[in-house]
Amino acid sequence: MTFRFDNSYARELEGFYVDWQAAPVPAPRLLRLNRGLAGELGLDADRLEAEGAAIFSGKRLPEGAHPLAQAYAGHQFGGFSPQLGDGRALLIGEVTDRSGRRRDLQLKGSGRTPFSRGADGKATLGPVLREYLVGEAMHGLGIPTTRALAAVATGEPVLRQAGELPGAILTRVAASHIRVGTFQFFAARSDMERVRRLADYAIARHYPALAEAPEPYLAFYEAVADAQADLVARWMLVGFIHGVMNTDNMAISGETIDYGPCAFMEGFDPGTVFSSIDLQGRYAYGNQPFILAWNLARLGEALLPLFDADAGRAAEKANAVLGTVGARYQARWLEGMRAKLGLAGAEEGDLSLAEDLLAAMQGARADWTLTFRRLADAVTEDAALRPVLQGPDTLQSWLSRWRRRLGPEAARRIRAVNPIYIARNHRVEEALAAAHAGDLGPFDRLIGALSDPFTERAGLEDLAQPAPAGFNEGYRTFCGT
């Protein structure tokens, strides 16, 4: 099996990683191959079906692979950890896809590395399939994301608090795995030469036009801020909660990365938290835009000496960029909300129109996804929103204001941007429970729906329905991969 590796990170950034090998596993078995993604990468899916168990378990890596564990630091729940790094993952190499984009291939759950900090470096079946599924859901929604190329069962039990669980390894594809925390690792050691080298590499890889900018490092900071503001706005528009927005989980590329305790909100409440470790609600749904700015401030601190030799001027330049983050986010969010509402053009009252609907939704704990989807029917039917929203008098007033702002073919345009299918928590859990019992049918069915979430299909009605009453109130997610 031929992989056309061109491993620029290993070649150009020696000292930013540790060469390492995957731990041996007893009986690797390919559970699922993302054939569509394999095609995008220029790989032979049929051959991968035959050889993938050995390749994607790390047992027999292709020629040209260069397995390594990347170094990074990070703020975790606000506290700084100067050394984190890939504790259970190995970057095995980089390939160029059919569109000419450089993509990382990484094994997650491949065993201990020098960054494991006492952990076993393994992953279990449930979290691996969960990341596979949610990544594909985000891709289907058009949100920048890492994706899973393959899931492999290792054939070995992995000891966790709940007992022995089946081991698994995920092959993750990403634009890169450069994180805010990668810069922090070297900045914390006052190694500004390596911070500069990393910035040069990141610019060349992700934002090559900026190399000619008058102040390329400041332009890079602004580009990352813009990409992340766009990303978080997209999360908010679909009700996605990342769950662990630590700086080591923020990618410079602007992709969603590290699907640990993530989940989709159903009943609208800005305070929604599902993560079992987010006891204070730091990463609640409604806090995500604020954490976006907080994390970008930490990136600015790491890059500060690159902005100007004078510390005062450097801080002024960083703060000038940081001061725009809220406006960047709000502009992207409002643009997306106009699309969700089917509005024609842009008018000054659009923000209040959106906020009034959200207030009604919050009061009723209305299902985020179904409410916006049903707006398509509400274009002509007053009763369309009543199953999800209370207060018909208030609703009628809002409907009148909203309808005056609608453009042509509003119902079609609303359906085109508001999904009917999301990775609802109870359906994800059902699919994972079935997989643990040896049945991947529900997983495949859910993936099939989520790959085209805007098209309603007969036979999938159950996947569009909210969880049973009370399910999400007690639902908790965990960091598994």
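Glycine residues also receive a Cβ, built from the backbone N, Cα and C atoms like all the rest.
Annotated ATP binding site per Swiss-Prot: GLY85, GLY87, ARG88, LYS108, ASP120, GLY121, ARG172, ARG179, ASP258, in sequence order, evidence recorded as sequence analysis. The active site, proton acceptor feature in Swiss-Prot is assigned to ASP248. Taken from Swiss-Prot, the feature Mg(2+) binding site covers ASN249, ASP258, and the record attributes it to sequence analysis.
In this record, ATP is bound by GLY85, GLY87, ARG88, LYS108, ASP120, GLY121, ARG172, ARG179, ASP258; the longest C-alpha to C-alpha distance in that set is 23 Å. Taking the C-alpha positions, the distance from ARG172 (ATP binding site) to ASN249 (Mg(2+) binding site) comes to 14 Å. In the three-state DSSP scheme, ASN249 (Mg(2+) binding site) is classed as helix.
Looking only at Cα atoms, ASP248 (active site, proton acceptor) sits nearest to ASP258 among the binding-site residues ARG88, ASP120, ASP258. If you take the C-beta of ASN249 (Mg(2+) binding site) and look for same-chain residues 6 or more apart in sequence within under 8 angstroms, you find GLY74, ARG179, HIS242, ILE257, ASP258, GLY260.
Neighbour counts were taken as the number of other C-beta atoms within 10 angstroms of each residue's C-beta; across the binding-site residues ARG88, ARG172, the minimum falls on ARG88.
Applying an 8 A CB threshold to same-chain residues 6+ apart, the list for GLY85 (ATP binding site) reads VAL18, ALA69, GLN70, ALA71, TYR72, THR113, PRO114, PHE115, PHE185. Each of the recorded positions ASP120, ASP248, ASP258 was scored by the number of other CB atoms within 10 A of its CB, and the lowest score belongs to ASP120.
DSSP assigns ARG172 (ATP binding site) to a strand in the three-state reduction.
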